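S.K.: What TrEMBL lists as transmembrane segment is 7-32, 95-114, 120-143, 155-183, 189-207, 306-327, 339-356, 368-389, 410-430.
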Amino acid sequence: MVRRNRYVILLTVIATVPVLAAFLKAVAHGWWPDGDDAILGMKVADVFSSHPPTMGMRSTSGNADPSLASHHPGPMAMYLLAIPAGLFGFHPIGLLLGSALTHIALIVGVVIVARRRGGMTWVLMALTAVLVIQWAVGPEALFRPLNPYPASIGVFLLLLLTWSLVVGDTACAWGFVLVASLVAQANLAFLPLVVALTLLVVVTALLRRRRSPSRGSIWAGLGLGRGASRTSRLAAGALVLCWLPPLVEMVTYRKSNPLQVASYIFSGVDKDQMGWASALKAFLPQLVPFPGGFSSANNALIERSGLWVVLGLVVVAMLAGLAVPAAEQLPGWDSPHRMAAVVALVALVLVGWSFASAPTSVVGVPFYWLLPIWGCVTFAWLVLGSAVFRAARHIASARRGRAAAPAAPAAAVPARGVSVVLLGILAIVATQSPVVLTWRDEPGRKASAIVAEEYSSHTPPPHPVRVTSGGGWVAWASVAPAIAYQLRARGYDVYSMTDWPLPEDVSFRHATKAPTNSSQIFVREKAANGQWVGEPDGSGWRLLGTVEGKPVTGQGELEVYLREPGW
């Protein structure tokens with residue numbers, strides 16, 4: 001047993017190599033949060049303030065109609081990052097460490113649940129899938145703290161947990177609640193998948209309870225009242241813990257976020273969605289585990305030829321065949337594994353629907369809409385691979401005149417040394433993902449360094465600071481938030497958020513709420529035509545420094561100005 005546990009630990013460590021490599025690359029580069037990462041980082045710091053976050057990050061639902069503005073479902077990721085970030089004084093290394101620990105925890109969860117479902121065979125298959133996912137999403141999705149990124153591995157773990165619950169392994173209930181909450185709160189795009197999987201779990205649990213001779217009360221099953229099991233209480237406690245901030249938000253604001261999300265969903269506003277035709281041409285080929293089919297994130301939106309679409313449909317048809325009750329008559333196939341096929345099929349349908357619903361009007365289909373794809377695809381492969389493996393074992397046992405073993409014993413697993421080497425090779429390949437590191441944080445990092453040197457050296461915190469920009473994509477969306485994060489991490493009272501159509505949990509940080517005695521920092525950017533975008537209002541501004549442009553990436557030259565009270 002001790003040897004086997006050491007073996008499992010070694011395999012788990014190997015599977016975390018891409019995460020650790022991404023973390024070390026970011027630290028060595030001196031990564032600095034900009035844009036949404038910086039805004040999220042400030043909300044992480046607010047966890048320990050008198051304004052703890054109760055909402056997720058802002059969504060784009062209000063782009064077409066400001067009255068439909070909403071946030072993503074919750075701030076769970078911010079609370080998970082708060083302790084490691086706080087231990088490092090909210091230096092970027094703390095955010096990077098928190099992100100790495102989140103991914104590592106999800107990988108450990110994959111190992112634990114996979115072992116419960118199919119022993120070492122499923123552990124090896126699941127860790128192979130995890131490495132494939134890491135190769136597909138690339139290093140930025142593994143080190144950046146942005147809220148959607150944990151869903152890349154989180155969705156895969158969620159499918160394993162869903163399978164566990166639908167076959168009656170109720171000990172996984174609290175884990176399901178935690179992971180489902182993390183994925184659901186990460187982004188509105190993931191909500192349909194989580195809701196569908198939750199409904200599948202609830203329906204199968206109700207059917208099982210109906211057939212049980214000793215059903216007990218419904219309240220006990222929910223972890224309430226007498227007779228509630230320890231598992232039920234853990235799940236109920238996890239549910240309250242994960243969703244307490246959004247519940248506080250619902251009673252704090254008249255137009256709560258769930259109402260805003262519902263208004264957007266049922267509104268007639270033109271969402272300019274990708275559509276089923278384009279989605280299927282890009283999504284179905286991902287199910288084909290051959291070059292030309294499955295691809296990394298940088299090629300995921302390429303529409304493929306009819307052949308790859310047909311092959312993808314064949315994979316879906318095979319899963320559907322394994323999911324029907326009659327499939328239990330197949331060699332080595334049984335009811336628990338049939339339910340794995342059901343879970344895989346439901347996930348693929350929901351992710352396909354989410355893909356087809358992706359908005360294209362802002363900057364094309366956002367990368368984060370694609371994150372659940374690889375978890376669902378690799379889980380589907382594992383189900384099909386398990387069917388082949390179990391059928392082969394069943395037939396081989398029948399030929400020897402023995403009954404097929406119901407579980408995968410250690411003897412069925414390849415030699416440990418071979419499996420370690422093969423998984424290690426795959427881990428190295430995963431660190432060489434074709435998804436290129438952009439290091440888009442450089443302008444924000446350089447501008448933040450200018451502010452730290454020219455302003456922080458003579459004006460101590462917690463002096464109020466107002467940070468704004470004159471427009472321009474890099475100045476507004478990247479650099480100004482990066483400067484604001486640097487000042488917030490140093491203890492300044494920062495006012496940098498743009499106005500929002502409705503009250504929100506960061507309303508106190510709106511730039512328009514800055515006190516009259518605030519220092520003011522202004523960032524402007526030179527457009528492609530050579531003209532500066534925006535001018536500092538009034539007089540008394542001093543140029544702190546400039547950041548050179550990079551025409552190749554579309555970034556113009558930047559200027560950072562300061563005006564102190566009384567200037």
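For all residues, glycine too, the Cβ spot is worked out from N, Cα and C.
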S.K.: Which residues of the same chain, at least 6 past either end of the transmembrane segment (7-32), have a Cβ under 8 Å from a Cβ in it?
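M.R.: Residues 92-93, 96-97, 99-100, 103-104, 107-108, 111, 115, 120, 123-124, 127, 130-131, 134-135, 139-140, 142-143, 416, 419-420, 423-424, 427-428, 430-431, 433, 437, 439, 441, 444-445, 448, 482, 485-486 contact the transmembrane segment (7-32) from elsewhere in the chain.
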S.K.: Spell out yes or no: are there three or more C-beta pairs under 8 angstroms between the transmembrane segment (189-207) and the transmembrane segment (155-183), with each pair 6 or more apart in sequence?
M.R.: yes
S.K.: Where else in the chain does the transmembrane segment (120-143) make close Cβ contacts, counting only residues six or more beyond its ends and a cut-off under 8 Å?
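M.R.: For the transmembrane segment (120-143), the far contacts come to 4, 7-8, 11-12, 14-15, 18-19, 21-23, 25-26, 31, 96, 99-100, 103, 107, 110-111, 114, 149, 152-153, 156, 160, 294-298, 371, 374-375, 378-379, 381-382, 385-386, 389, 408, 410, 412-414, 419, 423, 426-427, 429-438.
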S.K.: Hey, which bits of the same chain come close to the transmembrane segment (306-327), Cβ under 8 Å, at least six residues off its ends?
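M.R.: Residues 280-281, 283-288, 292-293, 333, 337-338, 341-342, 344-345, 348, 380, 383-384, 387 contact the transmembrane segment (306-327) from elsewhere in the chain.
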S.K.: Restricting to CB pairs under 8 Å, which listed stretch, 95-114, 155-183, 339-356, is in contact most with the transmembrane segment (368-389)?
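M.R.: Per the Cβ count, the answer is 339-356.
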S.K.: Which bits of the chain, at least 6 residues beyond where the transmembrane segment (155-183) starts or stops, bring a Cβ under 8 A of a Cβ in it?
M.R.: 74, 76-77, 80, 106, 109-110, 113-114, 116-117, 126, 129-130, 133, 190, 193-194, 197-198, 200-201, 204-205, 208, 229, 231-232, 234-235, 237-239, 242-243, 335-336, 339-340, 342-344, 347, 371-372, 374-376, 378-379
